[in-house]
Amino acid sequence: QPKELMQVDLPLVSTQNCSLLYANYDPSTMICAGTRQGGTGACNGDSGGPLVCEFKGKWYLEGVTSWAGVPCASPSKPTVYADVRKLKSWIAAKITGVPVLRVATNCNSVINNTLKSPGYPNSYPINMFCVYRVPIPCDTELVIHFNSFHLENHVFCWYDRLRITDGSNRVIGTYCGQQTGRSVLVNDTVAVLTFKTDRSLNSSGFHLSFSFFRRAVCGIRPTLSGFIVGGTVAPINSWPWQAKLRIAGNFLCGGSLIQPEWVLTAAHCVEGESPSIIKVTLGAHYLSTAQVVGTEQYFDVVQIIQHENYKMPKPFSNDVALLKLSRPAVLRNGVGLVCLSDEQFQRPFNKTTKSCWTTGWGTLFYRGSQPKELMQVDLPLVSTQNCSL
């Protein structure tokens, strides 16, 4: 293993391309990055670490290092990451804080931070048309959680449906049938929920809860020019959201600071572990705890939230977990937040110019040693279709 944090710049691989490369690739929760010729990528010990891409001067967390072909960085075997964009609603739902206290509606069914369909839990009326407007304060995103959701089902939701749009009337989703447990994220100044029923069959309706996901300044790193396999030693403090996880004193995995109290890592890193034996270091550069750069912050873990559908439907599907730190991190030199993936960012799949980076203290080659410092590598994204076969 390296003794310093390593970095590598990787091209993203499109869904189409990734599906061709791996039978266990799950396009609903995974994303690929790496080069066709191999030689660069993540390896043992990099699990849980970040795959970040730059967009308009900010860095966005696109993936959480999950798994790869054997040996590491083989030709046509890109690294596979949990897809943060597809899992963002789940992440936000787990770490939200401030409840929404007012909702404007013409159906008079809102009480504080919950919304129930008319008549709930009994059958909702026929021929209903209700519009609910949820104002979203500045610098927050709204998470709508479906505590219970049962509407008449149809493949296109033609009969009874709940449609969620933003303030620009952009459709975020249209829902019917059984959707209990779903979370929906709205990033705008208002969310509009339209509930429409027809004149025939009905069901018990829905019970929704609303909460805010407060955005902080994120994705800012120092202006620096730079073995994860084939990578380089990362400049000190150049990836301020990089977390180092230790279990019972031994290096375990990487992670990313997404809120002052929350680190996102891979579910397989912490599966079956107790929070009390996991320690998190932020602002670190060296693998060894004996070598410091002066920006380190040390934390206990008080809670682990593993994705409920980890390993479903395929091995390593939904491979994410949240670690709640014992106190908020102090955001200063060497420690900062990474932005969660944003749909505004057009992912640069299959670009010849490398555009995304992964970092960690994983082994420099298959069954090799770990570096002393944090490593980095630039990788291309691989399309889902090419990664799935």
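Using the three backbone atoms N, Cα and C, a Cβ is placed for every residue, glycine included.
Candidates considered were C138, C176; Swiss-Prot assigns the disulfide partner of C157 as C176.
Following the DSSP three-state reduction, the secondary structure of C269 (disulfide bond) is helix.
Secondary structure by DSSP for the domain 'Peptidase S1 1' (1-96): 17 helix, 37 strand, 42 coil.
Neighbour counts were taken as the number of other C-beta atoms within 10 angstroms of each residue's C-beta; across the disulfide-bonded residues C18, C72, C176, C269, the minimum falls on C176. Summary: among the disulfide-bonded residues (C32, C157, C253), the fewest other C-beta atoms within 10 A of the C-beta are counted at C157.
Of all the disulfide-bonded residues listed here (C18, C72, C269), C18 has the Cα closest to the Cα of C157 (disulfide bond). Across the structure, C269 (disulfide bond) and C176 (disulfide bond) place their CA atoms 36 angstrom apart. The DSSP secondary structure for C253 (disulfide bond) is strand.
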